[in-house]
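Below: one structure, written as C-alpha cells.
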Amino acid sequence: MSNFIVGLTGGIASGKSALAAEFEKLGVPVVDADVVARQVVAPGLILDAITNRFGQGILLPDGTLDRQALRKIVFADPTERRALEAITHPAIRTELQRAAKAANHPYAIVAIPLLAEAGARATYPWLDRILVVDVPVALQHARLMQRDGSTSALAGQMIAAQASRAQRLAIADDVVSNEGNTDQLAQQAQRLDATYRAALQTHRIEN
C-alpha cells in the first residue's frame, strides 16, 4: 500500500510518458489519468449519468460510449464540456487516489496531464508532491510538428489551449528538464526516486 503519492504533469509533448516509463523501470507503479478516464466511462453508473445528460445518441449499438459522438458535442459547446466534466472528473479523481493507495510499493506516481488546469492541490489535496516535466515552448512546438505531423499553427493552438509553462512551474515541488536525451531523463528519474524514498521516512514520522 502506498502512503506517498506524487502527481506527474507537464505540457503536451513535454515527455510525461517517457519520464513515467523511467520510473516504471525502477519499479515504481504509475497510475495514468488517461487510462482511468477511459475505464470510468465503461458501462455502469457514470455512463448512465452521461447518457441521461446527453441522450442515447452518444451510445454505440453495443451500449458502450461513442467517444466521437460525445466529443463533437462537448468540443462545440463549453457549457456541455463542463457538464461532462462535472460527471466524470470526481469519479476519475476518486479512482486515481484509490489505485495509487492500493499500489504495492512505498510510493506511487499518478500521471495527470491537465493537473495545473484542474486546480492542482486545490482539486487533488491528497498529492504529497507535484512533479513537472519542463521543456521550452519552442521545443514543445517542434516536437508536436515532428511527432504528430501538426502544422505550425495547429501546434501553437494546442500549446496555447493548455496552462502556460509558468503556471505549471508555479505548482511544482520538483522539476525535471526534458531537453536532453533518454539517458539524462533516466538519471533525473533515479535521483528523484532516491529523494522520494528518503522523503518517505519523514512522511511516516509526521503521520
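Placed from the backbone N, Cα and C atoms, the Cβ positions cover glycine too.
Per-residue confidence over the domain 'DPCK' (5-207) averages 93 (mean pLDDT, predicted model). Swiss-Prot lists 5-207 with the feature domain 'DPCK'.
Look at Swiss-Prot and you will find Ala13, Ser14, Gly15, Lys16, Ser17, Ala18 tagged as ATP binding site. Lys16 (ATP binding site) carries a helical DSSP state (H, G or I). A C-beta separation below 8 Å, combined with a sequence spacing of at least six in one chain, links Lys16 (ATP binding site) to Leu8, Thr9, Gly10, Ala111, Pro113, Val133.
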- Listed binding-site residues (Ala13, Ala18), ranked by Cβ neighbours within 10 Å, top entry: Ala13
- Output the one of Ser14, Ser17 that, of all these binding-site residues, has the highest number of other Cβ atoms within 10 Å of its Cβ. Ser14
- Message: Beyond the listed site residues Ala13, Ser14, Gly15, Lys16, Ser17, Ala18, identify every same-chain residue whose Cβ lies within 8 Å of the center of their Cβ atoms for the ATP site.
- Response: Gly10, Leu19, Val133, Asn178
